[in-house]
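Marked as active site, proton acceptor by TrEMBL: A:Asp104. The active site, nucleophile annotation in TrEMBL covers A:Asp278. Positions annotated as Zn(2+) binding site by TrEMBL: A:Cys316, A:Cys318, A:Cys321, A:His347. For A:25-379, the entry in TrEMBL reads domain 'tRNA-guanine(15) transglycosylase-like'. Under the heading region 'RNA binding', TrEMBL lists A:259-265, A:283-287.
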Amino acid sequence: MATASPTSLESAPRILRLVSECSRSRARAGELRLPHGRVATPVFMPVGTQATMKGITAEQLDALGCRICLGNTYHLGLRPGPELIQKAHGLHGFMNWPHNLLTDSGGFQMVSLVSLSEVTEEGVRFRSPFNGDETLLSPERSVEIQNALGSDIIMQLDDVVSSTVTGPRVEEAMYRSIRWLDRCIAAHQQPEKQNLFAIIQGGLDADLRATCLEEMTKRDVPGFAIGGLSGGESKDQFWRMVVLSTSRLPKDKPRYLMGVGYATDLVVCVALGCDMFDCVFPTRTARFGSALVPTGNLQLKKRQFQKDFRSIDPECACPTCQKHSRAFLHALLHSDNTAALHHLTVHNIAYQLQLMGTIRTSIMEKRFPDFVRDFMRTMYGDPTLYPTWATEALASVGITLS
Amino acid sequence: MTASRFMAIQQALQPDWFQCLSDGEASCAEPTSIKRARKSVDRSLLFLDHCLRLQEESEVLQKSTIIGVIEGGDVLEERLRSARETAKRPVGGFLLDGFQGNPATLETRLNLLSSVTAELPEDKPRLISGVGRPDEVLECIERGVDLFESFFPYQVTERGCALTFSFDYQPNPEETLLQQNGTQEEIKCVDQTKKIKTTSCNQEMTSFEINLKEKKYQEDFDPLVRGCSCYCCENHTRAYIHHLLVTSELLAGVLLMIHNFEHYFGFFHSIREALKSDRLALLKELIRRQAS
């Protein structure tokens, strides 16, 4: 195995300031200091894949309190391309977003679009779905594109395998991800402006993950992501890998758990020590007419909402809940007007951000465990209905659900 | 749909103004038979009288105003009869139905329009449906129409276009035209294609707009319209809108609609200003130069 110099990056900035820690669990409240402003943690980052948040404006997103969201390097790298975005003063300038942006590396598409790609040590070869052109996404190219995009946090290119894959491929991918991390670090042109995060791989194998953690934490990057999870694996395996990861990651750097977005998962994984999350779920489910609420979700297309004149959630402060009723949204969903999708997207993002806000407040007020118990009771009702994995995961960090 | 059913719906909706139920069939068939036109006028008056009676009996609808509908197809006598008779009723305004269609038919109908509005009281508003192109709007205003619908900016949005026509009637309209539409070459292009583009249907792109899907906007970092103060123009570029359209993103329609409404409302603002200062002719000339 070739050893690239792991410290070719100068001592990485400490971008996370911890404000409060739960005395029972591993939950932390903090503040990220990024080039485009401060971000309170724990934080949920909505996904705006193609330089837009699925129908809602930058102004609306700002008004909801969002201070960091995601852009996708794979998509933007193809359309409109890094050269154009650079001319537009980076992704911030192109979409006119004044706050922070995190771009992923394009690696996840390896898993989701695997029929169109081939992985070698060099990188990932894609065939463009638009013009059939072949492109090589190497660690260097990924960082180059992300440098052009100018996002505040950039992700290393990792060799992603689905969490359902077993055997030597997982090990190969883990070691390759370490090598690719070093190549990304070496290729990174703007360490002062953009924070390069490593991504811990190793699948569902504790030994492999432990090895990856040991190696990657030797590299002085500003933050770490926990990758390779949130695929098709069982929740039981999932939480154990998260706990293993947070126990080996440095306390003073942010932990970004990729692809996690269901409310219960967010609450549990905050307890397990994660600070940052992203998921397409809330925005995607909105476009199917589903509104997120503390008790789960409301399928507003259903008949039962036809004459329900209450707002989605009386406790929610978002514009949709301030102005519109379930009945109105139901009617809109049954018309050819797409307005309901926008209203629901606004609400679901608000729900996620408000949830993180209440989590954070409870940590700061030293009552996070009680918050967790209330949350679970509201979401599931009867303790016998609590998901076993959640109960066990929480117990592992000292939170018992009665 | 009977008058009773219709009024029951109005009672539920509680509108401030509502267009009365009418028979507009005569305008759909071309050419209109006199018999059919007569029938549409008779029926519409019957509906109106019935609805007025029902309104009197309804407490809920006391605050609502009925708009009488002028029918009669393309038959002058029937149009005049419809206008005179409707004007006798206690309606709050008049809707001129059946003037929608393509630019060719509008021309012949404009004469009809003048005759009709001449029969209507000065102090009640005249609405028209189906007219939205800036040049056609001005023609109708000159013939006494006051209110128009906003489907035109919506249609422009739906085809991924943005309204860019100038309504800034300065003493030197040529200069303003250049400012709004960009370069000299673009103007020449418009003139040349004037003859080629014979729009027989209002759904096709007009010369009052630009198509953001075109490749030339890929790297255009100007706003849709320089000087426009809408949210889209203050915050975004043509290049960004182009990207959103190419990637089929929902935000494209949101931003374009915001701009197109603002632009269209701005046009109407300029019409009101022009009328107040007696400069409608200047505005009309400016718009005419931009029509294809």
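Numbers here mean position along the shown chain, with the first residue as 1.
Using N, Cα and C of the backbone, Cβ positions are placed for all residues, glycine too.
No curator has checked TrEMBL annotations; they are predicted automatically.
It should be emphasised that the depicted structure is a prediction, and the values quoted were computed from it without experimental measurement.
Overlay of TrEMBL annotations on the structure.
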residue: A:Asp104; record: active site, proton acceptor; DSSP class: strand
residue: A:Asp278; record: active site, nucleophile; DSSP class: strand
residue: A:Cys316; record: Zn(2+) binding site; DSSP class: coil
residue: A:Cys321; record: Zn(2+) binding site; DSSP class: helix
residue: A:His347; record: Zn(2+) binding site; DSSP class: helix
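Spacing of A:Asp278 (active site, nucleophile) relative to A:Cys318 (Zn(2+) binding site) is 20 Å (Cα to Cα, whole number). By a simple count of nearby Cβ atoms, those within 10 Å, the most crowded of the active-site residues A:Asp104, A:Asp278 is A:Asp104. Every protein chain shown contributes to the tally, and the Cβ of A:His347 (Zn(2+) binding site) ends up with 27 other Cβ atoms within 10 Å.
Cα of A:Cys318 (Zn(2+) binding site) to Cα of A:Asp104 (active site, proton acceptor): a span of 28 Å. Here the Cα atom of A:Cys321 (Zn(2+) binding site) is found 32 Å from that of A:Asp104 (active site, proton acceptor). The two recorded residues, A:Asp104 (active site, proton acceptor) and A:Cys316 (Zn(2+) binding site), show a Cα separation of 31 Å. Here the region 'RNA binding' (A:259-265) has a mean pLDDT of 96 out of 100. Counting every protein chain shown, the number of other Cβ atoms lying within 10 Å of the Cβ of A:Cys318 (Zn(2+) binding site) is 23. Within 10 Å of its Cβ, the residue among the binding-site residues A:Cys316, A:Cys321 with the fewest other Cβ atoms is A:Cys316. According to DSSP, the secondary structure content of the region 'RNA binding' (A:259-265) in residues is 3 helix, 0 strand, 4 coil. Taking DSSP states H, G and I as helix and E and B as strand, the region 'RNA binding' (A:283-287) has 4 helix, 0 strand, 1 coil. Excluding A:Cys316, A:Cys318, A:Cys321, A:His347 themselves, the residues of that chain whose CB lies within 8 A of the CB mean position for the Zn(2+) site are, in sequence, A:Ser311, A:Ile312, A:Asp313, A:Ala317, A:Pro319, A:Thr320, A:Gln322, A:Val346, A:Ala350, A:Tyr351.
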